[in-house]
């Protein structure tokens, strides 16, 4: 199968899978309590996904070239043990000034990509909320901007995923494409579920939720196709040099972390800052069952990622 048909197939699968996962909370009628519980579970899924799936995948993609280099140096000696390959990679990294330098660069690259993603969402959030605050009263403005930022953050994140998949497809390595695709699907399905349950909890009508979901589901496939089609041969080579797949995934992890921790979690926990002032429970904070759901949500992506070996 050529690169174009494989990326088309992966894009369609991503669109359908993501949309179907997002319609599950819409298809079932939940009571207020169950909806809150599902929202908490969705928030946990978002956090666990960012920490247990996206960041490790991005780091793996960035270091893959060095690990591969260690692997190939033993190519003639037959089968190489994984531990030997790892030792190789370490010796490649530590041996000689040039490799030391590239090691430092990779470390910086990981941090910079994550921070840029987080700061980008922070700025988008501030710009978005300043527009909303000027028109409405503070409380409804906070809720509205929260809905917008959550959707926007996840769309930006999905777009970065799409770029990662497009860049991976342009390498012509089927294994890389499949790994990136599985990684993206592992967190896009829970993210779609989390987004829809959060928007339902925030009181959006169902038609608008479906529109939000469609935009989110379309972002990654569209960007994957555009990235793949827009890359010339020379830029493909340049991309594999700077390891664009890993950088794009880490950038999207930064946006994901912002959405999960700054928006969804405080919203679910009863408006974050407000419950400290109000004192007592008064419906604020999380019940024991909700805490269990949150922890469970964080652990599910971890279990899934452990199950999916490279």
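Each Cβ is built from the backbone N, Cα and C atoms, and glycine gets one as well.
What Swiss-Prot annotates here:
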TRANSMEM  7-27  transmembrane segment
TRANSMEM  35-55  transmembrane segment
TRANSMEM  108-128  transmembrane segment
TRANSMEM  148-168  transmembrane segment
TRANSMEM  178-198  transmembrane segment
TRANSMEM  212-232  transmembrane segment
TRANSMEM  246-266  transmembrane segment
TRANSMEM  289-309  transmembrane segment
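Between the transmembrane segment (108-128) and the transmembrane segment (246-266) there are at least 3 Cβ pairs closer than 8 Å, counting only pairs 6 or more residues apart in sequence, which means the two stretches are in contact.
A Cβ distance under 8 Å defines the sequence-distant neighbours of the transmembrane segment (7-27), meaning residues of its chain 6+ beyond its ends; these are 1, 35, 38, 165-166, 169, 177, 181, 184-185, 188-190, 192-193, 195-197, 200, 206, 209-210, 213-214, 216-218, 220-222, 224-225, 228. Taking Cβ pairs closer than 8 Å, the transmembrane segment (246-266) reaches residues 42-43, 46-47, 49-51, 54-55, 57-64, 109-110, 113-122, 125, 146, 149-150, 153-154, 156-161, 163-164, 167, 180, 183, 187, 191, 194, 198, 272-273 in its own chain, all 6 or more past its ends. Counting residues 6+ beyond its ends, the transmembrane segment (148-168) has Cβ neighbours under 8 Å at 7, 10-11, 14, 61, 117, 120-121, 124-125, 128-129, 132, 176-177, 179-181, 184, 188, 191, 195, 198-199, 212, 215-217, 219-228, 231, 239, 244-245, 248-249, 251-252, 255-256, 258-259, 263-264 in the same chain. Recorded stretches compared: 178-198, 212-232, 289-309; the one with the most Cβ pairs under 8 Å to the transmembrane segment (35-55) is 289-309.
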